[in-house]
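Asks: Supplied in structure tokens, the structure appears directly below.
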Amino acid sequence: MNVSTSTFQTSRRRIKKVEEEENAATLQLGHEFQLTQINHQGQEEELIALNLSEARLIIKEALLERRRVFRKTQRLQQKKKEQKQHEKEQQQQQQQQQQHDGTSSDNENINPGNENNLVDHVNGTGASNRNEDIIDEDEDDDMDDEFIHTETREKELESLDALLEQTTGGNNKDLKNTLEYLTNFSRFRDQETVSAVIQLLKSTGLHPFEIAQLGSLACDTADEAKTLVPSLTSKISDDELERILKELSNLETLY
């Protein structure tokens, strides 16, 4: 009985302690909301909180960069394969030429010309490869720009499958669901608009979590915003908050 009673008392103390610590009105919601965080290397860093639009852009850019690396690696592997095949063909041609010409003195006059032709061919091939690299990179940039600046949400959702197939093998269902959610609910579309939103909200001096929430939630009034984010009540006046909400609404991307 003593052990059981002690256990119940400990449980009640823990519940009371949690209730005292957690207070949405003051952002007392756990260590995750502290301005100073400890990273996996044991180093201190500032709290980072992203709104949905920021998260969408960061994930998309990471996937696009991965696709660029994959394509570059594939091109290098293909070029190495073609180079080996080309060298093999050259060796075969030289052997055939030597067998045809024999070891006569005339062969000595022919070989230098063949060597010069070979050098010219290699130099020409190198220049051609460099031009192909530039063309391939330009095509990659065009594809990336087309994906980033897709006009409609529907087109972006359609292109997600191809992007995930090229970068993750198409097996990452959780990542696909995350991107679909972010695409559907992000308020701001391009990097310029997101940067303007961040600059506007950071000027308020609010907590990173509050800034992220205001960037994600489409609140029409100050009362609605303070209801959804209670900690705003004691930090910002209704008039100032109404002004910020109006500016955010003006920046919002209409699909």
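Any Cβ shown, glycine's included, is placed from N, Cα and C.
Because TrEMBL annotations are produced automatically, they should be read as predictions rather than curated entries.
What TrEMBL lists as region 'Disordered' is 75-142. According to TrEMBL, the feature compositional bias 'Low complexity' maps to 91-100, 107-117. Under the heading domain 'RNA polymerase Rpb4/RPC9 core', TrEMBL lists 136-255.
Structural setting of the listed features?
Replies: Note: the compositional bias 'Low complexity' (91-100) comprises 10 helix, 0 strand, 0 coil (DSSP; helix = H, G, I, strand = E, B).
Under DSSP, the residues of the domain 'RNA polymerase Rpb4/RPC9 core' (136-255) split into helix, strand and coil as follows: 87 helix, 0 strand, 33 coil.
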Asks: Need one number: mean pLDDT over the domain 'RNA polymerase Rpb4/RPC9 core' (136-255).
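Replies: That region's mean pLDDT is 87.
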